[in-house]
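As structure tokens, the structure follows; a few thoughts come after it.
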Amino acid sequence: MASAQKVEESTATTESHDSSNVVPTETITFPEGGFQAWVTVMGGWMVLFISFGAIQSFGVYQDYYSRVSLSEESPSRISWIGSVQIFFLFAGGVFSGKLFDDGYFRELILAGTFIYLVSSFMLSLAIPHHYYQNFLAQGVGMGIGMGILFLPTLSVTAHYFKRRRGLVMGILLTGSSVGAVVYPIMINHLFSSSVGFAWGVRIVSFLDLAFLIIANLTMKTRLPPARKDPNSKPVNLRGILTDIRFLIALFGITLGFWGVFVPFFYIQTFAVRHNLPEFLQTYALSILNAAGFFGRVVPVFISDMYGPFNVMIPVTLIAGCLIFAFLGATSVGGMLAFTIIYGFFSGGVLALAPPTAASFSRDISEVGTRIGLMTFACSFGLLVGNPISGAILHPPQYIWSNPVIFSAVIVISGALFLGIARQTQVKRKGTNYL
């Protein structure tokens, strides 16, 4: 690293405001790097690695449950385990975000680690054909643990970076991409080998334990919390909830998240139903997630130059249009092209959402709350998106045009609302850098 002894600083203005005016009151400096900053990013990367590894490997569990340990349950009922898990991951942000802003970062990370690991090890003890045990351990317990960990992990890097925040957020989110590639392959091999389900889950849990210990030791906050600063004001939650521009953007992001995950849920089924080669049936989802690795870095790097809002809108629009191409992915070339290109742009949608929501913050203390509200709103779309798409797919006929058109229109509509929010925000801030 060049000039390691020099710490690059950027300055952010902490703002107070009434309903319409913004007045600078205090200057905060951000180191934009340094040892503690980057080890905090490393710890956060590990948290996202295990969280999204668990989320994105649920397709393996779905297949195993339907064939072996929960064979008496319908695929729709089994899928609710994964849907509830991802719901809690995102919904928990509205609570953990506020607690993070109040300075309870360490307590949140410890609590989330404990709940997640206990639930993960309890999953390995689940008795076959006892649906409620899998639902409570994997869907509820692990989901709540991830929900407590997720938002503070995203928000803590804002204590170290301002100018490079988008890039750092993208680096953080590559952890989710790598986990989403590694975990499905690893769990598939464990379950299909002599190791079996119980010890397969335990092996994954021990890996999670190692990563979470490192994360707890490396991640640290830098700025004093509002509750310990006598000159600070509490987060104006009412002001945030009545910020029409923010709410419009929130609605647009929620629509984007609702539709953008549909190909992730159904790409393996699509490959099987269209008799694509076995390697694509097995690895199409991993290829999609691998392409998302680059989608989480490149767009956010560009967003540091042009603003997250300005990049989020075209990336969301392109992702929505690409979903239509899912219908044409009926050959090896078509499927590979779709998984790589769509994986890239869908990764950009996911990576740009937090910095876009954070860009509305008038004060650094609002970052956690605004991102938390975003993840909370998105959680409801994620909860119902999979069941709705499955219902309109109409198995066993499998009318693929129904969920494809539905999800594409949803995502494109999200881009439209983001465009409206951007225009109103330009008028408020008087700048095109958003």
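Residue numbering: from 1, along the chain as shown.
Using the three backbone atoms N, Cα and C, a Cβ is placed for every residue, glycine included.
Listed in TrEMBL:
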- 1-25: region 'Disordered' (REGION)
- 10-25: compositional bias 'Polar residues' (COMPBIAS)
- 37-58: transmembrane segment (TRANSMEM)
- 37-425: domain 'Major facilitator superfamily (MFS) profile' (DOMAIN)
- 78-96: transmembrane segment (TRANSMEM)
- 108-129: transmembrane segment (TRANSMEM)
- 135-154: transmembrane segment (TRANSMEM)
- 166-187: transmembrane segment (TRANSMEM)
- 199-219: transmembrane segment (TRANSMEM)
- 246-267: transmembrane segment (TRANSMEM)
- 279-302: transmembrane segment (TRANSMEM)
- 309-329: transmembrane segment (TRANSMEM)
- 335-353: transmembrane segment (TRANSMEM)
- 373-393: transmembrane segment (TRANSMEM)
- 399-421: transmembrane segment (TRANSMEM)
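The transmembrane segment (246-267) makes no contact with the transmembrane segment (199-219): fewer than 3 of their CB pairs lie within 8 A, with pairs spaced 6 or more apart in sequence. Of the Cβ pairs linking the transmembrane segment (78-96) with the transmembrane segment (373-393) and spaced 6 or more residues apart, 3 or more are under 8 Å, so the two regions touch. It is 373-393 that, among the stretches 166-187, 199-219, 373-393, forms the most Cβ pairs under 8 Å with the transmembrane segment (399-421).
Of the candidate ranges 37-58, 166-187, 335-353, 373-393, 37-58 contributes the most Cβ pairs within a distance under 8 Å of the transmembrane segment (135-154). If one looks beyond the transmembrane segment (335-353) by at least 6 residues along the same chain, the residues whose Cβ comes under 8 Å of a Cβ in the stretch are 166, 169-170, 173, 176-177, 253, 256-257, 260, 263-264, 267, 271, 276, 280, 284, 287-300, 303, 308, 311-312, 315-316, 318-319, 322-323, 325-326, 328-329, 374, 378, 411. Predicted-model confidence for the domain 'Major facilitator superfamily (MFS) profile' (37-425) is 88, expressed as mean pLDDT.
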